[in-house]
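Visitor: What TrEMBL records for this protein is below:
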type: TRANSMEM; residues: 45-63; note: transmembrane segment
type: TRANSMEM; residues: 75-100; note: transmembrane segment
type: TRANSMEM; residues: 159-176; note: transmembrane segment
type: TRANSMEM; residues: 212-238; note: transmembrane segment
type: TRANSMEM; residues: 258-281; note: transmembrane segment
type: TRANSMEM; residues: 302-328; note: transmembrane segment
type: TRANSMEM; residues: 340-362; note: transmembrane segment
type: TRANSMEM; residues: 383-400; note: transmembrane segment
type: TRANSMEM; residues: 420-439; note: transmembrane segment
type: TRANSMEM; residues: 460-480; note: transmembrane segment
type: TRANSMEM; residues: 510-528; note: transmembrane segment
Amino acid sequence: MIGEQTESHVSGDHKVPLLPVQEAAEGTHGRLSFTLKSILTLQNFYVILGPLLSLLICFFVKLDAPPTSQKMLGVIAWVFTWWVTQAVPLPVTSMCPLFLFPIFGIASADSVAHSYMDDVITLVLGSFILALAVERYNVHRRLALNVTLLFCGDPVNPALLLLGLCATIFFVSMWLHNVATAVMMMPVATGIVQRLPAVHEQSEAVNKFCRAVILTVVYATPIGGISTLTGTGVNLIIIGMWKSLFPEAKPISFNTWFFYGFPVAILILLCFWCIICLLYVPKGSGRALSSYLDRTHLKRDLEALGPMAFAEKMVLSVFGLLIILWMTRRITDDIPGWGSLFHGLVGDGSVSVMVAVLLFIIPNMKQEGEKLMSWNDCKRLPWNLILLLGAGFAIADGVQSSGLADVLSRALDFLQDAPYLAIVPAVSLICSIITEFITSNDATATLLVPLLYHIARTMHVHPLLLMVPGGIATEFALWLPTSTPSNVVGFATGHIEIKDMLKVGVPLKVAGIVVLSLLMPSLGTLVFRTNTGTQ
């Protein structure tokens, strides 16, 4: 019996592994197949493509310039490939110059790191902390309701109401980043839309007005951002690139940009309002909307917010203080402003951070010891934009120091005799089309603005005459839902379709290019003093 048991046990030992071995083999094959599929993806191809292009350029491209220019071109190919394909997250790609420049022998670790924290970067940090305070205390909603109530009309005037909404969003976007403005103002727009009947019960006039309200948030947001230096990252990139590419020139101050950007933005906003009214506000809209929208509803919403609390008043006061300090630091060459008291050592970024620090000192009077802002409220700071700005400034510095700038200038000699009045519309059009297909306007501006600088130098015109209109044109991502995050915010509401964006975006892009082409050679020449200085 023991022998039988032993035999049975032994025979069992021989038989048992047969099936599991087969399963293991199948499992190994399946895992191998899965591993190959996970490796051989388009995303991984893009990851390899960046360094591969860089190596090919370093080994096989010969330039009539110092060896560092060849290496710099390889680094640009690597970084731009990853930016355009988004092989790795945009902020991660933006950190690559920190190790690529020292490894390729282009610049020391210290010098490239300095590009990631200068006055422009501190300007972004301070203004975004203030934007978070505005959002925390719901100041934007109170402002929107007051302005909408002012423009609503009695009985309701749809065109006037849309103008009021345009003006509100425009003003908020002047001081806050585009994405933050779109996210904060969309609930105000959807609040208006929700007062109207459901989609299947709407008349044609009501349905068009719903679309118009959402489109107003989508398009008034980037238009308002053109007005001020802090309105959008593109503006900061333009002035930062100017400072990096031509450090001897006088920096562009907050009010200098405002004197040009604000008139440009106002004209484009009026064009947008005319387009939206022509397409989406047919005759008789007022009668169709009068039973759903009136001043009573808006007053009720405003009353629901209650009286302004101490914290809201203080945030508005700090906000106003920042604007006054920005506008008066350096007014004109003849009126130096308060900045002259500090011998020009104080910049717009210094002011921005100083005012932001006040938010961590002033109590909010809600709880004992609690301030207007805490560091936990700052966890949503836009580090992606900050890193992108730093990478752009580092690349601009690298192009200059490596000698690649001279190579680019020689390559663009054929543009020397091109008429300026023809090149500006062409540059604006090209930049505005490219930005439709690169999700980040900031990344597009980082790619194109330095190139526009070298094109201008080749044409023997002041670089700002191309850098400013070309840079602003990268904000005209108006056609596709995926072109910018603010477009996505509007499209996600479900009230607009791609055909709506094309219907408004195409004529608006043309209007924007016309405004830039007319105002840069006229107003821009006066504001930026491009008839003197570098050429």
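Note that Cβ sites are derived from N, Cα and C of the backbone, with glycine treated the same way.
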Visitor: Please work out which recorded stretch in 75-100, 159-176, 340-362, 420-439 has the most C-beta pairs separated by under 8 angstroms from the transmembrane segment (383-400)?
Guide: 75-100
Visitor: The transmembrane segment (340-362): which same-chain residues, six or more beyond its ends, come within Cβ distance under 8 Å?
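Guide: Long-range Cβ neighbours of the transmembrane segment (340-362): 118-123, 125-127, 129-130, 133, 229-230, 251, 253-254, 314-315, 318, 321-322, 325-326, 329-330, 371-375.
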Visitor: I need to check the long-range neighbours of the transmembrane segment (420-439): which residues 6 or more away from its ends have a CB within less than 8 Å of a CB in the stretch?
Guide: 83-84, 86, 447-448, 452, 455, 459, 461, 465-466, 469-480, 482-485, 509, 512-514, 516-517, 520-521
Visitor: Okay, the transmembrane segment (460-480) and the transmembrane segment (212-238): do they have at least three CB pairs under 8 Å, pairs separated by 6 or more?
Guide: yes
Visitor: Take a look at 159-176, 258-281, 302-328, 510-528 and tell me which one has the most Cβ pairs under 8 Å to the transmembrane segment (460-480).
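Guide: So the stretch in question is 510-528.
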Visitor: So, does the transmembrane segment (258-281) come close enough to the transmembrane segment (510-528) to give 3+ Cβ pairs below 8 Å, pairs being at least 6 apart in sequence?
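Guide: In this chain the transmembrane segment (510-528) contacts the transmembrane segment (258-281) - 3 or more Cβ pairs sit under 8 Å.
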Visitor: Can you name the far-off residues of the same chain, 6+ from the ends of the transmembrane segment (302-328), with a Cβ under 8 Å from a Cβ of it?
Guide: 126-127, 130, 133-134, 137-139, 141-142, 145-146, 149, 175, 229, 254-255, 258, 337-338, 348, 351-352, 355, 358-359, 362, 364-366, 372
Visitor: Determine which residues of the chain contact the transmembrane segment (258-281) at the Cβ level, with the cut-off under 8 Å and only residues 6 or more beyond its ends counted.
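Guide: Apart from its flanks, the transmembrane segment (258-281) reaches 158-159, 162-163, 166, 170, 208-209, 211-212, 215-216, 219-220, 223-229, 231, 235, 327, 468, 472, 503-504, 507-508, 511-512, 515-516, 519, 523-524, 527-528.
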